[in-house]
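Annotated in Swiss-Prot:
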BINDING   Gly150, Gly151, Ala152, Gly153, Val154, Gly155, Lys156, Thr157  ATP binding site
Amino acid sequence: MTTGKIVQIIGAVVDVEFPQGSVPRVYDALNVVDAKERLVLEVQQQIGGGVVRAIVMGSSDGLRRGLTVENTGAPITVPVGTKTLGRIMNVLGDAIDECGEIGAEEHYSIHRAAPSYEEQANSTELLETGVKVIDLICPFAKGGKIGLFGGAGVGKTVNMMELINNIALQHSGLSVFAGVGERTREGNDFYFEMQEAGVVNIEHPEESKVAMVYGQMNEPPGNRLRVALTGLTMAERFRDEGRDVLLFIDNIYRYTLAGTEVSALLGRMPSAVGYQPTLAEEMGVLQERITSTRSGSITSVQAVYVPADDLTDPSPATTFAHLDATVVLNRNIASMGLYPAIDPLDSTSRQLDPLVVGQEHYDIARNVQSTLQRYKELKDIIAILGMDELSEEDKQVVSRARKIEKFLTQPYHVAEVFTGDPGIYVSLKDTLAGFKGLLAGDYDDVPEQAFMYCGRIEDALENAKKL
């Protein structure tokens, strides 16, 4: 094991000099020998003259020039397998839940090749979420990649928590949650919610169904850049065992942002909007590994923060290309008090195809979208001239569209503590029956207020009796 000396420290970036004949490879992990706590560096560049430039996987406070650094000769490895279940780990796979060592028998490198083309398998099996607007407009595929796009405060994390509640709790497989650069409070809440739901069992961790990896907002950019790979590595191990895995990443934008910080510290020339020049490649390396093989599947749900609500920003735009379904959250819908604030006109799914979902589902979804689109076009006319100037046909479209908008709302289980309304899981069959009746005009005489925050169409009819 060769050793070197720290020669320069610039924030989260450290230069280390090694003997000419034993320079570490890119992505090799280096250990700082004299550090008070375990401190790992990851090699990013070979500058020349035996000097390598590395990013710190932790705080660089207290580092100084001349400290001895050991080359491990291998990339960062993290514990994998059933011992990780029910535990909270950091980017290096160390336990941070004060429940003792992980004690895993196997460790995998966080840098791994994506499965080859021959190994990959695709599936058209649908994954029911119990959320009406998602199951109708942008259905998820088992083994697919789903993105939740939204600006600040429109409900990405709440929607993700509801999906975890509805899918992970009904789902017999295992889940991995990677908290990438998000609030520590949310990670804490999630941990205790999972305990209450019985998904995390502290007394018998082996009975737990979720492994958690956190690299939160207050951590250095190196941690936030690599924590997604740590979570993914654990999910890959479960997949290779032949299991169906759910991988939740909150938030993929922070992964990009950490890459931007590291890129600037490494002295690379920024590209569009100040992002790193390697943005597409870094995103591709992560996303290509999130895939299903013949042995098992990884279904991933990724929250994507949209800066300034601009979907054309390079970070969300780069993410779009890799996804099978996109759930777009809209601030205008949220401002009207309609939750979940999912935009049925912007959200898409490759599964919304008559050959996959069936002709009836496809027709209902497209008719809902065309009704809402026509209402959107008529809004300007209504604002200027009022409803009276519309034709009878358009008045009917507006009336039905407003009912559809209200019927797309639904109370969430995870929001029960804030709203006081019990959450509702709506089956796809009930969802299709409700919207089919609305489009056919079966409920034209029911007041639109009855459709707010109800589950099935029968609930709306019950509400109408109380109005």
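Each residue's number is its place along the chain shown, starting with 1.
Glycine residues also receive a Cβ, built from the backbone N, Cα and C atoms like all the rest.
Here the structure is a predicted model, which means the values were calculated and not measured.
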Problem set entry | The one of Ala152, Val154 whose CB sees the fewest other CB atoms within 10 Å, among these binding-site residues | Ala152
Exercise. Under 8 Å Cβ-Cβ from Gly151 (ATP binding site), six or more apart in the same chain: what's there?
Worked result: Tyr305, Val306, Pro307, Ala308, Asp309, Leu329, Arg331
Problem set entry | Any further residue of that chain within 8 Å (Cβ to the Cβ centroid of Gly150, Gly151, Ala152, Gly153, Val154, Gly155, Lys156, Thr157) of the recorded ATP site | Tyr305, Leu329, Ala334
Exercise. Just checking, which of Gly150, Gly153, Gly155 (binding-site residues) has the fewest C-beta atoms within 10 Å of its C-beta?
Worked result: Gly153
Exercise. Which chain-mates of Thr157 (ATP binding site) that are at least 6 residues away have a CB under 8 A from its CB, listed by sequence?
Worked result: Glu182, Glu186, Asp250, Ala303
For this session: Across all the protein chains here, work out how many other Cβ atoms are within 10 Å of the Cβ of Lys156 (ATP binding site).
Result: 26
